[in-house]
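Going by TrEMBL, these are the annotated features:
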TRANSMEM  27-48  transmembrane segment
DOMAIN    41-290  domain 'G-protein coupled receptors family 1 profile'
TRANSMEM  60-79  transmembrane segment
TRANSMEM  99-120  transmembrane segment
TRANSMEM  140-158  transmembrane segment
TRANSMEM  197-225  transmembrane segment
Amino acid sequence: MKRQNQSSVVEFILLGFSNFPELQGQLFGVFLVIYLATLIGNAIIIVIISLDQNLHVPMYLFLLNLSVVDLSFSTVIMPEMLVVLSTEKTTISFGGCFAQMYFILLFGGAECFLLGAMAYDRFAAICHPLNYQMIMNKGVFMKLVIFSWALGFMLGTVQTSWVSSFPFCGLNEINHISCETPAVLELACADTFLFEIYAFTGTFLIILVPFLLILLSYIRILFAILKIPSTTGRQKAFSTSASHLTSVTLFYGTANMTYLQPKSGYSPETKKLMSLSYSLLTPLLNPLIYSLQNSEMKRALMKLWRRRVVLHTI
């Protein structure tokens, strides 16, 4: 959609945590450490899976895509937030704000569907082990990955285009840590009712439908695990599923509360904390969850480390 000419706002001010000036320095340090740990953790997973041919199977290739999304998602938000915390007044251009919104929606939407695809992969592996290779063949895997990224791209394009078409002619202070859609929409000086209906419906489909499919998959997985006769087999099946379920709970829980709520549902500070949960904590914890609970990932990491040590000593 074309942006209307009556928009007079050429830049926005990100307030971040300006209500707590005494904490700005400490928050900057904490978030910088978290961001660096997120980059390193996800980069390690991408490198390990890319280099180890034994991990070139759907389960780990989905994880590789998830790490790319998490690394990108964090990079879209964190550098700007660190700038906000290190300066008294942080401005972001009109175009820069909507570019950030676009990528937040793109990577957030892609993560929703990737988590759903990973649940389907675990369902196929545990509930139909004999037919797993046929159910999750290369063609199906590629379609699920492409579909996840395409839906994220479509979500970002449609929603960002629509929001940027509204006139912004009054306040330009965004009381949030980033240019997320709900925070920016509050500043539009136009009737946004139609967009809110679309946004709620779209968010319902994009967040809740995959979540319900994941929930159903794990109910089936739980019953299948309970039928496994050996304790070792049950533990292995539960271990591979528990890590994914933990990621789902972290991401979907806070995303649902942020995007499927009335405007007055939570205070601005609560919204910021919920946003931090899925934009900061989930990308940080995913590498730890998947690597610490997975013997194959630990084996591949040790193999890569030993190779590095050998090359270093030559």
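A Cβ is built for glycine as well, from the same backbone N, Cα and C atoms used for every other residue.
In TrEMBL, annotation is done automatically, which means it is predicted and not curated.
Computed from a predicted structure; not experimentally measured.
Where the transmembrane segment (197-225) meets the stretches 27-48, 60-79, 99-120, 140-158, the count of C-beta pairs under 8 angstroms peaks at 99-120. Within the same chain, residues 31, 34-35, 38-39, 42-43, 45-46, 49-50, 100, 103-104, 107-108, 110-111, 114-115, 117-118, 121, 141, 144-145, 148-149, 177-178, 247, 279-280, 282-284, 286-287, 290, 296-297 sit at least 6 positions outside the transmembrane segment (60-79) and bring their C-beta atoms closer than 8 Å to a C-beta of that stretch. Per-residue confidence over the domain 'G-protein coupled receptors family 1 profile' (41-290) averages out at a pLDDT of 84.
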